[in-house]
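Asker: I have a structure here, written as structure tokens, and I will follow up with some questions on it.
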Amino acid sequence: MFILVNLKAYPCDPIEVATAARDVAEASGARIAVSPQAADLARVADTGVETWAQHVSPNAHGSHTGSTLAEAAAENGAEGTLINHSEKRLKLADIDGSVAAAERADLETVVCANNPAQIGAAAALGPDAVAVEPPELIGGDVSVSTADPGIVEDAVAAAEAVDSGVDVFCGAGVSTGEDVAAAGDLGAAGVLLASGVAKADDPEAVLEDLVSGI
Ligand SMILES: O=C(CO)COP(=O)(O)O
């Protein structure tokens, strides 16, 4: 199970979380990545933790003020990127363009989606993985794997029907090792989470609990 910690724009210390994630990954052998603000990519990557961007734009180099260039993310230490997160929704053509941009820059890709139908569409664009995150459960206390296990199973089936090579992750409300284990039992190959770690008083303790569910 891959554990991908999205720091969103939370007021946590990205280096504290990155250092804790690196240490827990090294001690446990688990794969843990941290996805900070674009401006923090390089210093998070400098800790040695696997580092992901939260978004990349569909454009290449050129006159694109305000864009997040995939090549710039990669040059600053990102190994992968989220695309179409629920809080950074894109049009279909732009999701396609962002996947292509990420691939051009050798970034691994996870395309997020609200529901199994969108998961099927996202899988058709050929990312490395897709992630189902019901928006109403994001930031809450109850894990998607407990509140709506059917949506994870249906997402796994939807991706499998389109392209069996695309992994399926799930997210929303994941904060414990039990949540991670339940997600794995439903067929997910990884989890996305944010508030459980970013808002924790002791992020390292939460990460240790999370990996206990792998
Ligand atoms: O959006 C998410 C991860 O990308 C999930 O957020 P929470 O873990 O805070 O529910």
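Numbering starts at 1 and runs along the chain as displayed.
Cβ coordinates come from backbone N, Cα and C, glycine included.
A TrEMBL annotation is a machine prediction, not a hand-curated record.
TrEMBL feature annotations, pasted as is:
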type	residues	note
ACT_SITE	His85	active site, electrophile
ACT_SITE	Glu133	active site, proton acceptor
BINDING	Asn6, Leu7, Lys8, Ile138, Gly173, Ala194, Ser195	substrate binding site
Asker: What binding-site residues among Leu7, Lys8, Ile138, Gly173 have a C-beta sitting less than 6 Å from any atom of ligand 1?
Answerer: Ile138, Gly173
Asker: How long is the line from the C-alpha of Lys8 (substrate binding site) to the C-alpha of Glu133 (active site, proton acceptor), rounded to the nearest angstrom?
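Answerer: For Lys8 (substrate binding site) versus Glu133 (active site, proton acceptor), the Cα atoms are 14 Å apart.
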Asker: Between the Cα atoms of Ala194 (substrate binding site) and Glu133 (active site, proton acceptor), find the distance and write it as a whole number of Å.
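Answerer: That comes out at 12 Å between the alpha carbons.
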Asker: For a quick check of packing: other C-beta atoms within 10 Å of the C-beta of Gly173 (substrate binding site), how many?
Answerer: 24
Asker: List which of the binding-site residues Asn6, Leu7, Ser195 have their Cα within 10 Å of the Cα of the residue listed as 'active site, proton acceptor', in sequence order.
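Answerer: Among Asn6, Leu7, Ser195, not one has a Cα sitting within 10 Å of that of the residue listed as 'active site, proton acceptor'.
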Asker: Which one of these recorded positions has the most other Cβ atoms within 10 Å of its own Cβ: Lys8, His85?
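Answerer: That would be His85, with the highest Cβ count within 10 Å.
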Asker: Select the most exposed residue of Asn6, Ser195, where exposure means the fewest other Cβ atoms within 10 Å, treating these as the binding-site residues.
Answerer: Ser195
Asker: Write down the Cα-Cα distance for the residue listed as 'active site, electrophile' and Ser195 (substrate binding site), rounded and given in Å.
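Answerer: Counting only the Cα atoms, the answer is 15 Å.
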Asker: What is the interatomic distance between the Cα atoms of Leu7 (substrate binding site) and His85 (active site, electrophile), given in whole Å?
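Answerer: Leu7 (substrate binding site) to His85 (active site, electrophile), Cα-Cα distance: 12 Å.
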Asker: Just to verify a number: CA distance, Gly173 (substrate binding site) to His85 (active site, electrophile), in angstrom, no decimals.
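Answerer: Rounded to the nearest whole number, the Cα-Cα distance is 15 Å.
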Asker: Give the number of CB atoms, excluding that of Glu133 (active site, proton acceptor) itself, located within 10 Å of its CB.
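Answerer: Around Glu133 (active site, proton acceptor), other Cβ atoms within 10 Å: 27.
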Asker: Count the Cβ atoms, other than its own, that fall within 10 Å of the Cβ of Leu7 (substrate binding site), considering every protein chain shown.
Answerer: 21
Asker: Taking the Cα atoms as reference points, how far is His85 (active site, electrophile) from Asn6 (substrate binding site) in Å?
Answerer: 10
